[in-house]
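Taken verbatim from TrEMBL:
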type     : residues : note
TRANSMEM : 6-24     : transmembrane segment
TRANSMEM : 31-51    : transmembrane segment
DOMAIN   : 66-116   : domain 'NADH-Ubiquinone oxidoreductase (complex I) chain 5 N-terminal'
TRANSMEM : 76-100   : transmembrane segment
TRANSMEM : 112-130  : transmembrane segment
DOMAIN   : 132-432  : domain 'NADH:quinone oxidoreductase/Mrp antiporter transmembrane'
TRANSMEM : 136-157  : transmembrane segment
TRANSMEM : 178-196  : transmembrane segment
TRANSMEM : 253-278  : transmembrane segment
TRANSMEM : 284-302  : transmembrane segment
TRANSMEM : 309-330  : transmembrane segment
TRANSMEM : 384-403  : transmembrane segment
TRANSMEM : 415-438  : transmembrane segment
Amino acid sequence: IIPFVPLPVPMLIGVGLLLFPTATKNLRRMWAFPSILLLSIVMIFSTNLSIQQINSSSIYQYVWSWTFDNDFSLEFGYLIDPLTSIMLMLITTVGIMVLIYSDNYMAHDQGYLRFFAYMSFFSTSMLGLVTSSNLIQIYIFWELVGMCSYLLIGFWFTRPPAANACQKAFVTNRVGDFGLLLGILGFYWITGSFEFQDLFEIFNNLIYNNEVNSPFVTLCAALLFAGAVAKSAQFPLHVWLPDAMEGPTPISALIHAATMVAAGIFLVARLLPLFIVIPYIMNLISLIGIITVLLGATLALAQKDIKRGLAYSTMSQLGYMMLALGMGSYRSALFHLITHAYSKALLFLGSGSVIHSMETIVGYSPDKSQNMVLMGGLTKHVPITKTSFLLGTLSLCGIPPLACFWSKDEILNESWLYSPIFAIIAWATAGLTAFYMFRIYLLTFEGHLNVHFQNYSGNQNTSLYSISLWGKGCSKRINKNFLLLKMNNN
């Protein structure tokens, strides 16, 4: 039941718009409350299940089966183990914070109802994915996550860049999804089971007795990994990630922190018992990871758009997680997944506050309001955002005692044991991470404002519009002595 708790929100919004379109739109702000409430209920259930799971290695609950004939049937159920517990807590906690923030961020948007319907459906899809007990269930929810990401990235579909970005994300992910489907069918042909517990046991017995065709097994495993490569924006299927920034900032925070991009890491972690007995695949996973680590960091160095810079940062950090999984360091990969998710969600929500403030100055233009070259000196105008953004930056740079220091340090230390070359690249990229994150921070908050106020008369006072990280909008005079607030059109 847990994955489907948020589902009534999109259903009720849809029915309300069909039956009572005017009333539903007039009362649209009330729809944020049930979205947040239902996801909070899921968090409480998830916490309870996680506590129960501590006392046992895993909890498997059969729900129902779909029988085609005596030889073939699909069982549906849920599997709660440490990996699932981590993901459930991550999705629900970050999701709740993003929804609270979104209530005010999207308050003046015409698509407010559609936004909360999509977000609730996205949460349902992701929760279903992480609680799946077999490969078919994972594939069904995997496709639903892809569909939701298409809808969310293209949320402002009347803007050509957003329409192109959602199509690009959809097509790129279909490449990986096709590989995932072929890999699932290949392993079913080898083992005769979709269930994780049976699949791992049968496959290990076949490997132990040397009863498998090694090239075919390696190919099937590589196809499974292709699905994770596309979803987690790993090289070479990373091209959709920066364009996904065309969606609203809360969507960027959710997609790039705890949901869509984490799905690929989750899949590799879930299937690690399969991959770990196929040496070539583990080498491939670590190689793709280290390439992505370096590529994402170098691309982040050259970005002017604040959200695209954070997107490439996400790509690089996901590469660290994939590198850790390829080295067999399961715990450090999941540890970094958790620490990075909270840090990156904080950074994206902070960037949304900055973008809202810049729109007061340059007008509604993503090319200008997200351009760090035009920013600067925002510390005195959005001090709370500045402090929270600095904390996220310090954490992602690996500054002790903040969270990412501990997780990234584990991966860096273990990389020396795996390969000195990989270790040198990983350590060098850690330095690049500090460089590009402080570049983003300094361009945004330090120095002086690099753009003049536009469209205001000489005798008109105005004020920056700020939205706090807690979603509470406030329009106030941020600095009464700020002389730039009184300017001519010239």
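Placement of Cβ uses the backbone N, Cα and C atoms for every residue, glycine included.
Long-range contacts of the transmembrane segment (284-302) within the same chain, counting only residues at least 6 positions beyond its ends with a Cβ under 8 Å from a Cβ of the stretch, are 222, 225, 229, 233-235, 238, 242, 268, 275, 309, 312-327, 418-419, 422, 425-426, 428-429, 432-433, 435-436, 439. Within the same chain, the transmembrane segment (415-438) stays apart from the transmembrane segment (136-157): fewer than three Cβ pairs sit under 8 Å, each pair at least 6 residues apart. Taken residue by residue, the domain 'NADH-Ubiquinone oxidoreductase (complex I) chain 5 N-terminal' (66-116) breaks down under DSSP into 29 helix, 13 strand, 9 coil. Through the fold, the transmembrane segment (31-51) approaches residues 2, 5-6, 8-9, 12-13, 59, 80, 85, 88-89, 92-93, 95-96, 99-100, 102-103, 112-113, 116, 119-120, 123, 127 of its own chain, all at least 6 residues removed from its boundaries and within a Cβ separation under 8 Å. Looking at the domain 'NADH-Ubiquinone oxidoreductase (complex I) chain 5 N-terminal' (66-116) alone, the prediction's average pLDDT is 83.
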